[in-house]
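Record features, source TrEMBL:
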type: DOMAIN; residues: 261-352; note: domain 'Transglutaminase-like'
type: ACT_SITE; residues: 269; note: active site
type: ACT_SITE; residues: 326; note: active site
type: ACT_SITE; residues: 349; note: active site
type: BINDING; residues: 389, 391, 437, 442; note: Ca(2+) binding site
């Protein structure tokens, strides 16, 4: 007859198990393991010995408020001769005696989250179970160690902003293993409306990364729920801070937790995406932030953005916008709910733009479905397809109320970018979303997506050509020229009107105040001739009008008197912030105090007041932001300089993220990679 083990006490061997399961950066004070991989705990017996084939042990693993075997949130199993990694199983791996080494393995499709494991009559242990991208049986399995190091384990990264002609890398502290962050991520799942409505079903759904990533895309914004962030796209950030303020996700998640799940104010697309990336990586889903330059926001699903301008070329605002850039995330998983070959990277977007199934969320949708024009695939394929492929049609509204078509060459979905694996370089992933322009495959995808406008568009080689050219010296604080270049490719002389204007711009396409304007009523061009028309942009004019995005929209409108045709060229330029120089003083070692000397030269022709440097970094600043204010103003051409002290807690390559803020120069970002020795 089988004899039950009489367990007196136990040791969860957290340091060994967490290290083996690559969760040790969360700490080793509690058991955190990944699914489909065994872990071993030590049981000390009160009486009797473990005897193979004689001793029995009833094990029950449970998660959620209503555990049930039907929902997969409860599993009962006994001792086996060997571990079976395809299901919940347990086996003894020690020789007979009064100490038992018990190996336990969860099913590779078990729901993630907090578990209670009951062993026999007397032992109850608790642990956290995460997705396991190292396990071939897990839906998030990724077969590449360098990619796993980047997309799961790396706690910092680069998000690309700026413009498609000039992508600017912005450092970000994801901090997914900082103290308390994993608990906050599980809390996000617990307060989601689906869980509040039907906890049993929601906990069961947590076995599926498709379900979890869709919940996260809704919960990172607060539009329908107790989500993490409130978006704000005006320049009024009363009651919170500008989205530019944030250097990482940790402070945002801490604030949400301490504010009893009230939304943190404020976020914009890169902040929403970065927080979603932190939570995904914390839970074990490989994830990356991507940037789509010239991203279309198509509100009526006709794959066309209709833009209207007045007779000066100034845009008339509408809900359909072209964002200078837009960020979302990609998560790695299989798609058994779709036909084969749609596994791998899936796009989802936590920025609240349009509702999906009644909720502000978007995705996950396979990148391959976007590329091939499979718009019926789940979830939200038409919206993402339009973001990278929409056609742009421009109309001019005249004073008499009539409208006319304007030729323009805006192509949406440019330079789709993410951080490279193992380096800070930009990786261009446009080819994962789109076939080469003009290729047969692109035509096939457009046919499948019923994208008629793009199919009908022939290359219009017009007689007149209009372009905007810029020079390299466009730095904040400088005066500089930009140029409208008009070329006459016809055999006859042309007389034209050229309107050349500029205005401040937010990254989501909203226009600000005028930064310089020119209206030439009589531009004459001989056959084959070219005119370069300069527009001077003076800091005295643009300085106070710029938003924190440092963007200026240049627009040239050309009217051909002989044909009545109009042509529009638009280019968004981004003004470079000065560089923050970061010098590390002393030898970087774990648990030893270090200093960073931070320097920024004032590039403006006026003094900077209220200057403040802030730093943070995963395993560098203890999960906190360290700030240092300057006591005095910094004159034109002078250096702002401080020393900041911090104590690294773990060895390895870490990113120190730095932010400089002042009255006239807001939220300048910089970073330095630091190798911390043991």
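Cβ atoms are placed via backbone N, Cα and C, with glycine included.
Automatic, uncurated: that is what TrEMBL annotation is.
The shown structure was predicted, so the numbers you read here are calculated from the model rather than taken from an experiment.
The DSSP breakdown of the domain 'Transglutaminase-like' (261-352), given as helix, strand and coil counts, is 15 helix, 41 strand, 36 coil.
Cα proximity to residue 326 (active site) (within 10 Å) is found for none of the binding-site residues 389, 391, 437, 442. Of all the recorded positions given, namely 269, 326, 349, 437, the one with the smallest number of surrounding CB atoms inside 10 A is 437. Cα spacing between residue 269 (active site) and residue 349 (active site): 9 Å, rounded to the nearest whole number.
Shown are the binding-site residues 391, 442; of these, the residue with the fewest other Cβ atoms within 10 Å is 442. Taking the Cβ of residue 389 (Ca(2+) binding site) as centre and 10 Å as the limit, one finds 24 other Cβ atoms among all the protein chains shown. Within the model, the domain 'Transglutaminase-like' (261-352) carries an average pLDDT of 93. A distance of 21 Å separates the Cα atom of residue 349 (active site) from that of residue 391 (Ca(2+) binding site).
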